[in-house]
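Novice: I'd like to ask you about the structure that follows.
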Ligand SMILES: Nc1ncnc2c1ncn2[C@@H]1O[C@H](COP(=O)(O)OP(=O)(O)OP(=O)(O)O)[C@@H](O)[C@H]1O
Ligand SMILES: [Mg+2]
């Protein structure tokens with residue numbers, strides 16, 4: 001088999017794995033957008049905050065240590081304990097739920113029936129606040145996140161492909177785990193939304209607020225629920241990205257990668273977020289290998305997703321799976 | 001009917017019970033617009049109570065006050081003998097008050113069946129954990145019971161053939177019927193219908209009238225009905241509140257309001273469809 005085909009196959013696999021992570025972030029956007037029509041600018045920062053909190057809890061960091069030390073003249077940094085990964089993850093989920101409640105009580109509650117642009121602005125404010133708050137709470141240094149996920153080359157795939165093609169594929173174990181987790185997460189979300197009382201209520205709110213109220217659904221409860229789920233999805237994305245490249249400010253920028261994914265997949269479609277993520281993950285890696293590196297001087301991964309999204313915007317503005325945009329008369 | 005404290009018997013022999021809801025001196029303002037001006041009336045158990053009046057009279061506003069969508073600027077709402085605090089619509093719904101909307105509010109993306117199922121939400125018990133153990137905890141059985149009730153309503157309203165159709169694709173008349181089905185699924189004590197037959201042809205109106213009478217008769221549901229079609233109102237309702245420019249200008253049996261001079265004046269020269 002010619003080398004380029006093998007490279008392309010390996011790159012496609014890796015692209016799929018990266019795409020899964022884009023999809024995870026995009027999923028958080030879609031959930032909130034569907035239920036409340038809010039484009040949540042803070043989704044990326046939510047992932048950063050979740051990852052910071054997880055590391056902080058796991059390592060037994062004293063929250064607000066800088067602040068406390070500055071005020072008391074002490075030198076607290078850590079509690080004399082470390083928390084097992086699973087417990088830390090559960091505690092972080094709790095923190096994300098509390099955060100969702102605070103967001104609803106402090107921000108969303110006061111902005112009911114406001115124009116989408118106002119809500120969007122509010123989420124920008126939220127993003128900056130949360131970014132600073134995360135810094136103050138957990139410190140701004142780069143942290144390593146290790147919850148015990150397997151990392152490094154998958155030997156089995158390497159040796160199997162070597163025996164078959166005389167060329168071993170490099171697939172990272174962490175990417176495989178991320179893909180499995182993403183599939184489980186989407187399956188769980190689908191089951192939840194189709195079959196549970198709360199899921200039914202959530203779909204109802206996403207469809208029509210007035211009608212939802214009339215059948216006894218509390219919008220505020222649903223918003224807390226949605227932001228909690230979005231916070232949970234952000235945590236999952238934060239764990240995957242954080243394990244890969246450390247927890248630092250740049251983690252919040254993965255949200256920027258989710259934007260083209262949404263344009264491709266549509267803002268209202270969960271399958272769209274997945275497929276969009278995969279297309280962009282594979283597309284940008286293949287493009288770099290086949291066209292970018294040989295002809296364009298490389299580094300096309302930085303912009304490929306946006307160009308692809310722009311092309312889509314022109315020909316199919318509602319995205320692959322989005323609802324058709326029809327003006328109501 | 002003279003003394004009505006314990007209810008009364010209608011012309012067609014139905015027993016009407018005591019007051020279940022009482023509106024006391026309700027006023028509703030939107031900025032400078034006074035949609036409702038100091039209106040009081042009551043609703044009795046088991047009756048069909050109509051609210052009529054020219055366009056913009058404040059009928060829908062009144063229904064919105066009852067269902068909690070609007071909070072009255074002044075006045076009190078009494079339900080089952082208790083003064084109701086300012087309540088949100090979902091809380092009112094959980095009290096057993098269901099409604100339809102003048103402009104139809106359905107879940108367009110869902111099937112007819114799913115739409116009607118949402119009407120069962122106030123009766124669904126299982127919490128998240130119980131649902132996680134779907135089969136073991138009986139959540140599946142509960143779901144079946146809800147499905148059964150919904151299927152009965154579907155049969156009752158004769159919409160079996162569109163059960164799986166996405167609601168967005170239905171014609172207007174059927175949408176109105178699905179909206180009624182969803183409200184019925186809640187097994188309400190009090191059912192609020194805002195112009196349930198607006199825009200329907202004669203045949204559809206006859207069907208809808210029959211359904212409303214049957215609901216009242218078979219389930220004993222108390223119904224508040226806003227309707228422009230005078231013939232329908234006179235046929236269906238036991239007592240009628242007449243509104244004009246936010247004020248109550250008449251209240252009584254169809255015959256009483258038909259012969260009320262204020263009501264006749266209000267309707268003179270006012271075109272209705
Ligand atoms: N949310 C609102 N904001 C401002 N004004 C309102 C609002 N709802 C109703 N109104 C005003 O209150 C008045 C009564 O309106 P309402 O819809 O209750 O009338 P209606 O009797 O139902 O009329 P129709 O027969 O046309 O449905 C109107 O002047 C209307 O413009
Ligand atoms: Mg009206």
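Including glycine, each Cβ sits where the backbone N, Cα and C put it.
Quick paste from TrEMBL:
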- A:12-33: transmembrane segment (TRANSMEM)
- A:38-57: transmembrane segment (TRANSMEM)
- A:83-103: transmembrane segment (TRANSMEM)
- A:110-130: transmembrane segment (TRANSMEM)
- A:176-196: transmembrane segment (TRANSMEM)
- A:217-241: transmembrane segment (TRANSMEM)
- A:261-282: transmembrane segment (TRANSMEM)
- A:289-315: transmembrane segment (TRANSMEM)
Novice: Six or more residues out from either end of the transmembrane segment (A:12-33), which same-chain residues have a Cβ under 8 Å from its Cβ atoms?
Specialist: 39-40, 43-44, 46-47, 169-172, 175-176, 178-179, 182, 185-186, 189, 226-227, 229-230, 233-234, 236-237, 240-241, 254-255, 257-258, 261-262, 265, 267-270, 272-274, 276-286
Novice: For the transmembrane segment (A:176-196) against the transmembrane segment (A:38-57), do we get 3 or more Cβ-Cβ pairs below 8 Å once near-sequence pairs (under 6 apart) are dropped?
Specialist: no
Novice: Do the transmembrane segment (A:110-130) and the transmembrane segment (A:261-282) share at least 3 Cβ pairs under 8 Å, sequence separation 6 or more?
Specialist: no
Novice: Go through the chain and flag residues at least 6 beyond the ends of the transmembrane segment (A:38-57) whose CB is under 8 A from any CB in it; none is fine as an answer.
Specialist: 25, 28-29, 32, 63, 83, 88-89, 91-92, 95-96, 99, 116, 119-120, 123-124, 126-127, 130-131, 133-134, 137-138, 143-145, 147, 230-231, 234-235, 237-239, 241-242, 247, 249, 251-256, 258, 267
